[in-house]
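Per TrEMBL, the features are:
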{"type": "ACT_SITE", "residues": "Cys24", "note": "active site"}
{"type": "ACT_SITE", "residues": "His125", "note": "active site"}
{"type": "ACT_SITE", "residues": "Asp140", "note": "active site"}
{"type": "DOMAIN", "residues": "11-188", "note": "domain 'Josephin'"}
Amino acid sequence: MSQAPGAQPSRPSVYHERQRLELCAVHALNNVLQQQLFSQEAADEICKRLAPDSRLNPHRSLLGTGNYDVNVIMAALQGLGLATVWWDRRRPLSHLALSQVLGLILNLPSPMSLGLLSLPLRRRHWVALRQVDGVYYNLDSKLRAPEALGDEDGVRAFLAAALAQGLCEVLLVVTKEVEEKGCWLRTV
């Protein structure tokens, strides 16, 4: 089928949630899964299951605005029959078998500011990376739109830059079968 003169080829539809409150973990989950499966209420329920007898839940913000920890992300994905694997930053990224990975969730330092004033506090921010129609995207909820990273070389370059900053952690989202077989790791 031919396109009309001057028409742009259609871009793939990429699901991308924007940041609200401190819900970056919820946004990262939905962005990596490419659909809205989780809400603040669902994440709060997971927190209650993880610490049923806690008056102050250690898995979320005391203010009730989100800021969920990795246990909530891992439990959410396990509830869908998926698994997570921490990437060992000491391994070369060339050993990462990206074709076996559904997506990646990064935990990055996030500077805090009050208007133009930068505060000396450091928070953490969850960011999803995912391949859609052969292109990897940075699905950071703080971005206005998904940022195309390109092919596997592009996502590896992005990961290398993030890991070089020192405080980045990478969580691989994989199927249970991939986790059990360890095939997310390429033997070189």
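Start at 1 and count along the chain as shown; that gives each residue its number.
Glycine is treated like the rest: Cβ placed from N, Cα and C.
Bear in mind that TrEMBL entries carry predicted annotations, made automatically and left uncurated.
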What's the most sparsely packed of the active-site residues Cys24, His125, Asp140, counting other C-beta atoms within 10 A?
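So among Cys24, His125, Asp140, the active-site residues given, the one with the fewest Cβ atoms within 10 Å is His125.
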Whole-number Å distance between the CA of Cys24 (active site) and the CA of His125 (active site)?
6
Rounded to the nearest Å, what's the C-alpha distance separating His125 (active site) and Asp140 (active site)? Just drop the number here, would you?
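So the Cα of Asp140 (active site) lies 9 Å away from that of His125 (active site).
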Kindly state the mean pLDDT of the domain 'Josephin' (11-188) in the predicted structure.
87
